[in-house]
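Below: the structure, in C-alpha coordinates.
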(Lines of atoms letter the chains of each structure in order from A; the text may use other names.)
(Lines give C-alpha, C1' and ligand atoms only; values in the text may rest on other atoms or scores of the structure.)
Protein backbone atom coordinates (compact mmCIF):
# COMPACT_ATOMS: atom_id res chain seq x y z
CA UNK A 1 0.00 0.00 0.00
CA UNK A 2 1.51 3.30 -1.09
CA UNK A 3 1.58 6.24 1.28
CA UNK A 4 -0.02 9.53 0.31
CA UNK A 5 2.16 12.55 -0.57
CA UNK A 6 1.09 14.19 2.71
CA UNK A 7 2.21 11.16 4.75
CA UNK A 8 5.50 11.04 2.86
CA UNK A 9 6.07 14.74 3.52
CA UNK A 10 5.42 14.31 7.25
CA UNK A 11 7.74 11.31 7.44
CA UNK A 12 10.51 13.28 5.71
CA UNK A 13 10.00 16.23 8.07
CA UNK A 14 10.17 13.99 11.15
CA UNK A 15 13.47 12.49 10.00
CA UNK A 16 15.29 15.84 10.26
CA UNK A 17 13.62 16.95 13.50
CA UNK A 18 15.73 16.95 16.65
CA UNK A 19 15.24 14.32 19.29
CA UNK A 20 14.33 15.62 22.72
CA UNK A 21 17.95 15.58 24.04
CA UNK A 22 19.15 17.27 20.84
CA UNK A 23 16.40 19.89 21.12
CA UNK A 24 17.34 20.64 24.72
CA UNK A 25 21.03 20.97 23.84
CA UNK A 26 20.36 23.25 20.87
CA UNK A 27 17.83 25.34 22.82
CA UNK A 28 20.42 26.02 25.52
CA UNK A 29 23.11 26.89 22.99
CA UNK A 30 20.83 29.14 20.94
CA UNK A 31 19.62 30.87 24.11
CA UNK A 32 23.27 31.63 24.89
CA UNK A 33 23.83 32.70 21.27
CA UNK A 34 20.94 35.17 21.42
CA UNK A 35 22.28 36.49 24.72
CA UNK A 36 25.73 37.05 23.18
CA UNK A 37 24.21 38.65 20.09
CA UNK A 38 22.61 41.31 22.30
CA UNK A 39 25.76 41.61 24.40
CA UNK A 40 27.64 42.62 21.27
CA UNK A 41 24.77 44.78 20.02
CA UNK A 42 24.47 46.95 23.14
CA UNK A 43 28.22 47.22 23.79
CA UNK A 44 28.48 50.42 21.77
CA UNK A 45 25.56 52.19 23.55
CA UNK A 46 27.10 51.26 26.92
CA UNK A 47 30.49 52.69 25.88
CA UNK A 48 29.23 55.70 23.91
CA UNK A 49 29.71 58.32 26.65
CA UNK A 50 33.28 57.23 27.41
CA UNK A 51 34.17 56.99 23.71
CA UNK A 52 32.66 60.43 23.02
CA UNK A 53 34.90 61.91 25.71
CA UNK A 54 37.99 60.15 24.31
CA UNK A 55 37.37 61.12 20.68
CA UNK A 56 35.58 64.45 21.16
CA UNK A 57 32.30 63.42 19.48
CA UNK A 58 29.33 65.75 19.73
CA UNK A 59 25.72 64.54 19.96
CA UNK A 60 25.27 64.48 16.19
CA UNK A 61 28.40 62.40 15.64
CA UNK A 62 27.40 60.06 18.46
CA UNK A 63 23.96 59.52 16.92
CA UNK A 64 25.62 58.62 13.59
CA UNK A 65 27.63 55.86 15.26
CA UNK A 66 24.63 54.53 17.21
CA UNK A 67 22.22 54.54 14.28
CA UNK A 68 24.71 53.04 11.79
CA UNK A 69 24.07 49.57 13.23
CA UNK A 70 20.52 49.62 11.87
CA UNK A 71 21.71 50.69 8.41
CA UNK A 72 23.35 47.30 8.08
CA UNK A 73 20.75 45.41 10.12
CA UNK A 74 17.92 46.22 7.71
CA UNK A 75 19.82 44.99 4.65
CA UNK A 76 20.50 41.33 5.48
CA UNK A 77 17.24 40.10 7.04
CA UNK A 78 15.89 38.57 3.82
CA UNK A 79 19.32 37.28 2.78
CA UNK A 80 19.77 35.59 6.16
CA UNK A 81 16.39 33.88 5.96
CA UNK A 82 17.00 32.73 2.39
CA UNK A 83 20.44 31.35 3.29
CA UNK A 84 18.98 29.58 6.32
CA UNK A 85 16.31 27.92 4.19
CA UNK A 86 18.86 26.83 1.59
CA UNK A 87 21.98 25.74 3.51
CA UNK A 88 20.72 25.40 7.10
CA UNK A 89 20.11 28.04 9.76
CA UNK A 90 22.68 26.63 12.18
CA UNK A 91 25.47 27.10 9.62
CA UNK A 92 24.42 30.69 8.90
CA UNK A 93 24.36 31.44 12.63
CA UNK A 94 27.84 29.95 13.17
CA UNK A 95 29.41 31.82 10.26
CA UNK A 96 27.82 35.16 11.15
CA UNK A 97 28.62 34.86 14.88
CA UNK A 98 32.27 34.11 14.19
CA UNK A 99 32.59 37.28 12.11
CA UNK A 100 30.61 39.64 14.33
CA UNK A 101 32.50 38.31 17.36
CA UNK A 102 35.82 39.01 15.63
CA UNK A 103 34.75 42.53 14.59
CA UNK A 104 33.64 43.29 18.17
CA UNK A 105 37.00 42.16 19.56
CA UNK A 106 39.02 44.27 17.11
CA UNK A 107 36.82 47.38 17.41
CA UNK A 108 39.18 49.05 19.95
CA UNK A 109 42.06 48.39 17.53
CA UNK A 110 40.09 49.92 14.65
CA UNK A 111 39.50 53.01 16.76
CA UNK A 112 43.28 53.51 17.03
CA UNK A 113 44.12 53.03 13.34
CA UNK A 114 44.09 56.72 12.56
CA UNK A 115 42.49 60.06 13.30
CA UNK A 116 39.23 59.20 11.48
CA UNK A 117 37.69 57.58 14.57
CA UNK A 118 34.14 58.36 13.52
CA UNK A 119 34.57 56.73 10.10
CA UNK A 120 36.10 53.53 11.50
CA UNK A 121 33.51 53.17 14.26
CA UNK A 122 30.63 53.81 11.87
CA UNK A 123 32.03 51.23 9.45
CA UNK A 124 32.45 48.74 12.31
CA UNK A 125 28.83 49.17 13.41
CA UNK A 126 27.49 48.85 9.87
CA UNK A 127 29.37 45.57 9.49
CA UNK A 128 28.08 44.33 12.84
CA UNK A 129 24.52 45.17 11.79
CA UNK A 130 24.95 43.39 8.45
CA UNK A 131 26.20 40.24 10.17
CA UNK A 132 23.67 40.24 13.02
CA UNK A 133 20.79 40.89 10.62
CA UNK A 134 20.91 37.27 9.43
CA UNK A 135 20.59 35.78 12.94
CA UNK A 136 16.87 35.81 13.71
CA UNK A 137 15.69 34.88 10.18
CA UNK A 138 18.18 31.98 10.16
CA UNK A 139 17.04 31.03 13.67
CA UNK A 140 13.41 31.01 12.53
CA UNK A 141 14.31 28.82 9.56
CA UNK A 142 16.23 26.40 11.79
CA UNK A 143 13.50 26.00 14.42
CA UNK A 144 10.73 25.66 11.82
CA UNK A 145 12.50 22.63 10.31
CA UNK A 146 14.01 20.95 13.36
CA UNK A 147 11.46 21.47 16.19
CA UNK A 148 8.11 19.70 16.48
CA UNK A 149 5.09 21.96 16.02
CA UNK A 150 3.84 21.21 19.56
CA UNK A 151 7.16 22.47 21.03
CA UNK A 152 7.95 25.45 18.78
CA UNK A 153 6.44 28.18 20.95
CA UNK A 154 8.34 27.20 24.11
CA UNK A 155 11.57 26.68 22.19
CA UNK A 156 11.34 30.01 20.36
CA UNK A 157 10.31 31.99 23.43
CA UNK A 158 13.12 30.39 25.48
CA UNK A 159 15.71 31.29 22.85
CA UNK A 160 14.17 34.76 22.47
CA UNK A 161 14.57 35.41 26.21
CA UNK A 162 18.29 35.63 25.53
CA UNK A 163 17.77 39.12 24.11
CA UNK A 164 16.64 40.47 27.48
CA UNK A 165 19.29 38.47 29.33
CA UNK A 166 22.06 39.75 27.04
CA UNK A 167 20.93 43.34 27.55
CA UNK A 168 21.09 42.84 31.33
CA UNK A 169 24.53 41.15 31.22
CA UNK A 170 26.15 43.92 29.22
CA UNK A 171 24.37 46.59 31.23
CA UNK A 172 25.63 45.12 34.52
CA UNK A 173 29.02 43.55 33.73
CA UNK A 174 29.79 46.13 31.02
CA UNK A 175 29.21 49.00 33.43
CA UNK A 176 31.68 47.49 35.91
CA UNK A 177 34.28 46.82 33.23
CA UNK A 178 33.80 50.34 31.91
CA UNK A 179 34.53 51.78 35.34
CA UNK A 180 37.43 49.49 36.23
CA UNK A 181 39.23 48.79 32.93
CA UNK A 182 38.00 51.30 30.34
CA UNK A 183 35.62 51.03 27.41
CA UNK A 184 37.94 48.77 25.39
CA UNK A 185 37.45 45.94 27.89
CA UNK A 186 33.69 45.84 27.23
CA UNK A 187 34.32 45.07 23.55
CA UNK A 188 36.91 42.42 24.43
CA UNK A 189 34.45 40.85 26.88
CA UNK A 190 31.43 40.57 24.57
CA UNK A 191 33.40 39.69 21.45
CA UNK A 192 35.61 37.16 23.25
CA UNK A 193 32.63 35.33 24.75
CA UNK A 194 31.03 35.14 21.30
CA UNK A 195 34.16 33.55 19.81
CA UNK A 196 34.29 31.01 22.66
CA UNK A 197 30.63 30.15 22.00
CA UNK A 198 31.39 29.69 18.29
CA UNK A 199 34.25 27.30 19.10
CA UNK A 200 32.03 25.21 21.38
CA UNK A 201 29.19 25.12 18.84
CA UNK A 202 31.57 24.07 16.07
CA UNK A 203 33.25 21.38 18.15
CA UNK A 204 30.28 19.69 19.78
CA UNK A 205 27.07 20.38 17.82
CA UNK A 206 27.97 20.84 14.17
CA UNK A 207 29.34 18.43 11.60
CA UNK A 208 32.59 19.64 10.00
CA UNK A 209 31.57 17.99 6.73
CA UNK A 210 28.25 19.87 6.62
CA UNK A 211 29.92 23.17 7.43
CA UNK A 212 32.52 22.73 4.68
CA UNK A 213 29.74 21.81 2.26
CA UNK A 214 27.87 25.00 3.21
CA UNK A 215 31.01 27.09 2.67
CA UNK A 216 31.46 25.44 -0.72
CA UNK A 217 27.89 26.27 -1.69
CA UNK A 218 28.39 29.90 -0.67
CA UNK A 219 31.68 30.09 -2.58
CA UNK A 220 30.08 28.71 -5.74
CA UNK A 221 26.91 30.77 -5.42
CA UNK A 222 23.42 29.94 -4.21
CA UNK A 223 22.27 28.47 -7.54
CA UNK A 224 24.43 25.45 -6.66
CA UNK A 225 22.28 24.82 -3.59
CA UNK A 226 19.24 22.64 -3.66
CA UNK A 227 16.56 24.03 -5.96
CA UNK A 228 13.72 25.91 -4.37
CA UNK A 229 10.26 24.45 -4.87
CA UNK A 230 8.35 27.15 -3.06
CA UNK A 231 5.47 28.65 -5.08
CA UNK A 232 6.29 32.26 -4.27
CA UNK A 233 3.55 33.83 -6.37
CA UNK A 234 0.86 31.76 -4.70
CA UNK A 235 2.43 32.24 -1.27
CA UNK A 236 2.11 36.02 -1.42
CA UNK A 237 -1.48 35.78 -2.63
CA UNK A 238 -2.51 34.36 0.75
CA UNK A 239 -4.14 36.86 3.16
CA UNK A 240 -2.72 34.88 6.10
CA UNK A 241 0.84 35.55 4.87
CA UNK A 242 0.24 39.29 4.65
CA UNK A 243 -1.49 39.24 8.05
CA UNK A 244 1.61 37.63 9.56
CA UNK A 245 3.92 40.17 7.90
CA UNK A 246 1.76 43.11 9.01
CA UNK A 247 1.53 41.86 12.59
CA UNK A 248 5.29 41.26 12.81
CA UNK A 249 5.89 44.74 11.36
CA UNK A 250 3.63 46.37 13.96
CA UNK A 251 5.04 44.39 16.90
CA UNK A 252 8.63 45.27 15.91
CA UNK A 253 7.77 48.92 15.38
CA UNK A 254 6.01 49.33 18.74
CA UNK A 255 8.88 47.54 20.50
CA UNK A 256 11.51 49.82 18.93
CA UNK A 257 9.55 52.92 19.98
CA UNK A 258 9.31 51.76 23.60
CA UNK A 259 12.93 50.60 23.66
CA UNK A 260 14.17 53.93 22.32
CA UNK A 261 12.04 56.40 24.27
CA UNK A 262 11.29 54.78 27.64
CA UNK A 263 14.63 55.70 29.28
CA UNK A 264 14.24 59.33 28.19
CA UNK A 265 10.63 59.35 29.40
CA UNK A 266 11.64 58.21 32.87
CA UNK A 267 14.63 60.55 33.02
CA UNK A 268 12.55 63.62 32.12
CA UNK A 269 9.35 62.72 33.96
CA UNK A 270 11.03 61.43 37.13
CA UNK A 271 14.41 63.22 37.22
CA UNK A 272 15.27 62.07 40.75
CA UNK A 273 14.59 58.37 40.13
CA UNK A 274 17.28 55.68 40.07
CA UNK A 275 18.29 54.88 36.50
CA UNK A 276 19.07 51.23 37.21
CA UNK A 277 15.46 50.67 38.32
CA UNK A 278 13.72 51.62 35.07
CA UNK A 279 16.57 50.30 32.92
CA UNK A 280 16.69 46.87 34.58
CA UNK A 281 13.31 45.96 36.12
CA UNK A 282 11.28 45.78 32.86
CA UNK A 283 13.84 43.39 31.33
CA UNK A 284 13.94 41.26 34.46
CA UNK A 285 10.16 40.88 34.11
CA UNK A 286 10.42 40.15 30.38
CA UNK A 287 12.60 37.03 30.81
CA UNK A 288 10.10 34.90 32.84
CA UNK A 289 7.23 36.37 30.81
CA UNK A 290 8.80 35.09 27.58
CA UNK A 291 9.33 31.61 29.05
CA UNK A 292 5.80 31.49 30.45
CA UNK A 293 4.24 32.51 27.14
CA UNK A 294 5.98 29.64 25.34
CA UNK A 295 4.99 27.12 28.00
CA UNK A 296 1.37 28.33 27.99
CA UNK A 297 1.13 28.27 24.20
CA UNK A 298 2.45 24.72 23.82
CA UNK A 299 0.38 23.50 26.78
CA UNK A 300 -2.87 24.82 25.27
CA UNK A 301 -2.09 23.24 21.88
CA UNK A 302 -1.29 19.90 23.54
CA UNK A 303 -4.59 20.15 25.41
CA UNK A 304 -6.43 20.18 22.07
CA UNK A 305 -6.99 23.87 21.39
CA UNK A 306 -6.67 24.90 17.75
CA UNK A 307 -3.24 26.24 16.85
CA UNK A 308 -4.55 29.47 15.33
CA UNK A 309 -6.73 30.11 18.38
CA UNK A 310 -3.67 29.90 20.63
CA UNK A 311 -1.59 32.07 18.31
CA UNK A 312 -4.28 34.77 18.32
CA UNK A 313 -4.57 34.59 22.11
CA UNK A 314 -0.84 35.20 22.38
CA UNK A 315 -1.17 38.22 20.09
CA UNK A 316 -4.05 39.61 22.14
CA UNK A 317 -1.64 39.57 25.09
CA UNK A 318 1.45 40.66 23.14
CA UNK A 319 -0.12 43.53 21.18
CA UNK A 320 -3.52 44.27 22.75
CA UNK A 321 -2.96 44.06 26.51
CA UNK A 322 0.59 45.41 26.28
CA UNK A 323 -0.69 48.51 24.47
CA UNK A 324 -3.17 49.17 27.31
CA UNK A 325 -0.30 49.30 29.81
CA UNK A 326 1.63 51.54 27.41
CA UNK A 327 -1.33 53.95 27.42
CA UNK A 328 -1.40 53.85 31.21
CA UNK A 329 2.30 54.74 31.23
CA UNK A 330 1.49 58.09 29.61
CA UNK A 331 -1.15 58.98 32.19
CA UNK A 332 0.58 58.41 35.52
CA UNK A 333 2.53 60.73 37.79
CA UNK A 334 3.69 57.98 40.15
CA UNK A 335 7.17 56.53 39.59
CA UNK A 336 6.19 53.18 41.11
CA UNK A 337 3.13 52.86 38.86
CA UNK A 338 5.17 53.92 35.85
CA UNK A 339 7.72 51.16 36.48
CA UNK A 340 4.89 48.64 36.90
CA UNK A 341 3.17 49.74 33.69
CA UNK A 342 6.46 49.75 31.74
CA UNK A 343 7.38 46.29 33.05
CA UNK A 344 3.93 44.93 32.18
CA UNK A 345 4.02 46.40 28.68
CA UNK A 346 7.55 45.15 27.88
CA UNK A 347 6.88 41.77 29.51
CA UNK A 348 3.64 41.20 27.61
CA UNK A 349 5.32 42.07 24.32
CA UNK A 350 7.37 38.89 24.68
CA UNK A 351 4.13 36.94 24.06
CA UNK A 352 4.69 37.86 20.40
CA UNK A 353 7.40 35.16 20.37
CA UNK A 354 4.69 32.54 20.92
CA UNK A 355 2.25 34.22 18.57
CA UNK A 356 3.27 35.81 15.32
CA UNK A 357 6.91 34.63 15.32
CA UNK A 358 5.79 31.00 15.53
CA UNK A 359 2.85 31.56 13.18
CA UNK A 360 5.30 32.33 10.37
CA UNK A 361 6.74 28.86 10.99
CA UNK A 362 3.22 27.38 10.95
CA UNK A 363 2.47 28.92 7.56
CA UNK A 364 5.66 28.13 5.68
CA UNK A 365 8.24 25.96 7.47
CA UNK A 366 10.12 25.36 4.20
CA UNK A 367 10.80 29.10 3.78
CA UNK A 368 10.11 30.49 7.25
CA UNK A 369 13.50 32.20 7.36
CA UNK A 370 12.81 34.11 4.16
CA UNK A 371 9.32 35.19 5.28
CA UNK A 372 10.58 36.24 8.70
CA UNK A 373 13.34 38.21 7.00
CA UNK A 374 10.78 40.07 4.88
CA UNK A 375 8.62 40.83 7.92
CA UNK A 376 11.55 41.82 10.15
CA UNK A 377 13.05 44.09 7.48
CA UNK A 378 9.73 45.90 7.23
CA UNK A 379 9.53 46.03 11.03
CA UNK A 380 13.04 47.46 11.40
CA UNK A 381 12.38 50.16 8.79
CA UNK A 382 9.00 50.97 10.35
CA UNK A 383 10.68 51.09 13.75
CA UNK A 384 13.16 53.71 12.57
CA UNK A 385 10.29 55.78 11.17
CA UNK A 386 8.24 55.25 14.34
CA UNK A 387 11.09 56.33 16.60
CA UNK A 388 11.63 59.49 14.54
CA UNK A 389 7.88 60.19 14.50
CA UNK A 390 7.77 59.78 18.27
CA UNK A 391 10.52 62.37 18.67
CA UNK A 392 8.68 64.75 16.35
CA UNK A 393 5.45 64.35 18.33
CA UNK A 394 7.24 65.08 21.60
CA UNK A 395 8.81 68.22 20.13
CA UNK A 396 5.51 69.37 18.62
CA UNK A 397 3.21 68.69 21.59
CA UNK A 398 5.53 68.69 24.60
CA UNK A 399 3.62 65.65 25.88
CA UNK A 400 4.70 62.03 26.29
CA UNK A 401 1.12 60.82 25.99
CA UNK A 402 1.19 61.06 22.20
CA UNK A 403 4.16 58.67 22.00
CA UNK A 404 2.34 55.97 23.94
CA UNK A 405 -0.82 56.65 21.92
CA UNK A 406 1.28 55.98 18.80
CA UNK A 407 2.44 52.66 20.29
CA UNK A 408 -1.16 51.67 21.00
CA UNK A 409 -2.38 52.60 17.51
CA UNK A 410 0.38 50.63 15.78
CA UNK A 411 -0.05 47.62 18.09
CA UNK A 412 -3.80 47.40 17.64
CA UNK A 413 -3.51 47.81 13.88
CA UNK A 414 -1.33 44.70 13.78
CA UNK A 415 -3.58 42.85 16.22
CA UNK A 416 -6.76 43.60 14.27
CA UNK A 417 -5.20 42.45 11.01
CA UNK A 418 -4.03 39.19 12.54
CA UNK A 419 -7.34 38.46 14.29
CA UNK A 420 -9.25 38.88 11.03
CA UNK A 421 -6.92 37.25 8.49
CA UNK A 422 -4.53 35.09 10.53
CA UNK A 423 -4.43 31.33 9.84
CA UNK A 424 -2.16 28.44 10.82
CA UNK A 425 -2.52 26.06 7.85
CA UNK A 426 0.56 25.53 5.69
CA UNK A 427 0.60 27.60 2.51
CA UNK A 428 4.04 26.67 1.15
CA UNK A 429 3.05 23.33 -0.37
CA UNK A 430 3.14 23.07 -4.16
CA UNK A 431 -0.36 22.40 -5.52
CA UNK A 432 -0.91 19.59 -7.97
CA UNK A 433 -1.42 22.07 -10.83
CA UNK A 434 0.62 25.16 -10.07
CA UNK A 435 -0.57 28.35 -11.72
CA UNK A 436 2.56 29.88 -13.20
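For all residues, glycine too, the Cβ spot is worked out from N, Cα and C.
Looking up the ranges 61-79, 118-136, 137-155 in TrEMBL, the one annotated as transmembrane segment turns out to be 118-136. Looking at 213-232, 313-332, the range tied to transmembrane segment in TrEMBL is 313-332. Most Cβ pairs within less than 8 Å of the transmembrane segment (156-178), among stretches 185-205, 281-301, 398-421, belong to 281-301.
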